[in-house]
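Taking it in order: structure first as structure tokens, then the write-up.
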């Protein structure tokens, strides 16, 4: 049981517009702080000079203050900031002339009136200088046009990949495994459209329209398009293989979270569940997508060896024979290096957006 209420040690300081109160209580629990009729009421449980107990006090201010104090707690103390209704310098804190015994100046924050006026003047000058600097920065006349373009781009891509995902999911439930074998013929037109449009992501990054690094965009977009247009688009034998289903499915799921996240970011909206999915769903999906692409390339190598498609034989200007299957084997190495590059980039992004942040206790 908690003992009788006690008064904690309170230290105060002021500025022209604010009052600062520091309450010497650690491990504060259940604070009840309010201002009524210009009187600050404080009651809380915490560890003070008399140990762990209930501490309370009241302060009737010298002049009118705003009724909503701002409180911040740390493990060692509780800080209260009170706004004055009028900007002026008080000769004392309390209405009563005799200072309460529990109240003392906060010498860590204490300034006399002249020093406070100097501080206020410096802040005003800093604000004026900041406004002058901002006024010199040229405004982008195409800002709204660029934002509109990015919103439309991300919306179109989101709708395209949503169509792919929903179509494949419905077919999977209706046809089961049979849907694997005609995925390409059913979905390829929309996938061609979305992946061709994705080339704009490289351009957006290249011209600085978005802040995304160029290399991860190039690796992802060109890598996908190589598999889609060169491997699947040119080999009919590959188009009926089940691996096509998994490639398209993993690609579409990742984009279901990425494009709406960027679209909302363009208009300054952050939806925390979507942010978490955007920077978490790639952890299983991205390696699985890379693995599916690698399986597709491995399965295509014997077909390219048999047909000789894209192989460069003698005679030619370089007078060398370049077998396309050998190129694909080199590409497999580049594929896993690309997965590593993008994985590292996405991990840094996740750490930046979802990593631990310093929390303020109020």
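Please read every residue number as a count from 1 along the shown chain.
The backbone N, Cα and C atoms fix where each Cβ goes, glycine too.
Checking the ranges 224-243, 324-343 against TrEMBL, the transmembrane segment annotation falls on 324-343.
Long-range contacts of the transmembrane segment (244-264) within the same chain, counting only residues at least 6 positions beyond its ends with a Cβ under 8 Å from a Cβ of the stretch, are 150-151, 154-155, 157-158, 161-162, 164-165, 168, 179-180, 183-184, 187, 191, 194, 224, 227, 232, 238, 270-271, 274-275, 277-278, 281-282, 285-286, 288-289, 292-293, 296. Assigned with DSSP, the residues of the domain 'CS' (5-94) fall into helix, strand and coil as follows: 0 helix, 57 strand, 33 coil.
Using a Cβ-Cβ cut-off under 8 Å and counting only residues 6 or more beyond its ends in the same chain, the transmembrane segment (285-304) has close neighbours at 223-224, 227, 231-232, 235, 237-238, 241, 243-244, 246-247, 250-251, 253-254, 310-311, 324-325, 328-329, 331-332, 335-336, 338-339, 342-343, 346.
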